[in-house]
Amino acid sequence: MFGIGVLKGMAVTFKNFVESYYKKERLTTIEYPEKRLAEKERFRNFPFLIFDEKPEDPRCVACDICAKECPPQCITIVRAQDAQGKPLKKPATFDIDYSICMNCGVCEEVCPFDAIFMDHEFELAEYGRFEDLNYTIDRLLKPKEHFMKIRPTDATRIEAELKKKENAKKAAAEKAAAAAKAKAEAAKTQASQVPDTKPETKPNEPAQPADPPAEAK
Amino acid sequence: MTHAPNVSQVDPALKSELAKKGIAVMKLQELYNWGRRSSIWPMQFGLACCAIEMIATACARYDIDRFGAGLFRASPRQSDLMIVAGTVTKKMAPQVVRLYNQMPEPKYVITMGACSISGGPFKEGYNVLKGIDRYIPVDVHLPGCPPRPEALLHGLMKLQAKIDHQDIEKTEWYQKGLKREFPIPEFGPNGLLPPYNPEVWQPQKRKEITVPA
Ligand code: SF4
Ligand code: SF4
């Protein structure tokens, strides 16, 4: 019969129309200020600086790599100096102009010290442009717990890597210290032994620098 | 910019007591501001990728209509809010200013995204305006590239807060002799002429960076 297809189509439309009032999967609206979507871990918005224990000691060493790599050039860093004018390994000022930043994440990628990461904060609308949107270091610094909270996977991986690096560094330092100590001791024993040892032991010593402590015992 | 809080002189206890009986007491100004803030009709125009987020904000998921700002008008004569969503090229800037001039008062501007605030990634380019605030006054700046739909809603809420704090007697558009025609820049051989409107924008003095000892 002519028109039956139209009626069938209308029935589908009507069913969908009615369902859109009570079916849960059809009520898609997020009532934003009260309810929010669950934050995706990989969401990234604006960069922030991370500090380990105290905000006075940020991880950033003011190496200026991120400022050089930032595509729209919105990072300005001034390195801190001590009283003698010797540059310190931390920033005196660190400004990111959020009105220019394009959320690209290059700064996070290039930072060799894992000091800058992308944040989840997005409620950043401001009335003023120049002062309000220029984020200075006191607004950028956030503790590492914050990073762990917003991006646990990345944070765990990076913390583990940092720990490994630190341990390796410590081990190397210990080894170096032991070697230095051994050398010093060897020199000492050598100096004390010089008068009463025979001359033929001497050529052996430089070949085994790690051994003298054992010999000295 | 600071806003004086718009406090009612009616005793809040009495007000809530009356509200329970179904009587709303408020100053004319509060009623006026409530009306304004609940029906901000944006102009339907987008310039670049931020416009996609603006469209997403208007769709069912975020539904900008919950704020009374869902009626995107195709004509500047019927709109209150201009969402400058996207890169303002120098070719487009005169049109944006012209549209702003055609909007009836009161009118508001939200710059959405890095490009319209400051030129963003194209700020060093030859063909992009370094921020629409060189030609028209901007109420809310919304950073991001692009800002997500919730961020636009947050910007809209900020604009509503600003409207709430406006004083009906002191607002610009009720002052005598106000004529707000902003000069439309010309596209000359070396970019736009004039490069900015000195009424609304002045070159910022470069901040001297001093190293603390
Ligand atoms: S954030 Fe990283 S790359 Fe940038 S200056 Fe600090 S240490 Fe260097
Ligand atoms: S996210 Fe990109 S644009 Fe923003 S500060 Fe980092 S490098 Fe610069």
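Keep in mind that glycine also has a Cβ here, set from the backbone N, Cα and C atoms.
For B:Cys49, B:Cys50, B:Cys115, B:Cys145, the entry in TrEMBL reads [4Fe-4S] cluster binding site. Residues or ranges marked as domain 'NADH:ubiquinone oxidoreductase-like 20kDa subunit' in TrEMBL: B:49-159.
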### Query
Which of B:Cys50, B:Cys115, B:Cys145 (the binding-site residues) has the most other Cβ atoms within 10 Å?
B:Cys115
### Query
Using a Cβ-Cβ cut-off under 8 angstroms and a sequence gap of six or more, which residues of the chain neighbour B:Cys49 ([4Fe-4S] cluster binding site)?
B:Gly86, B:Gly113, B:Pro146
### Task
Note the mean pLDDT of the domain 'NADH:ubiquinone oxidoreductase-like 20kDa subunit' (B:49-159), expressed as a whole number.
91
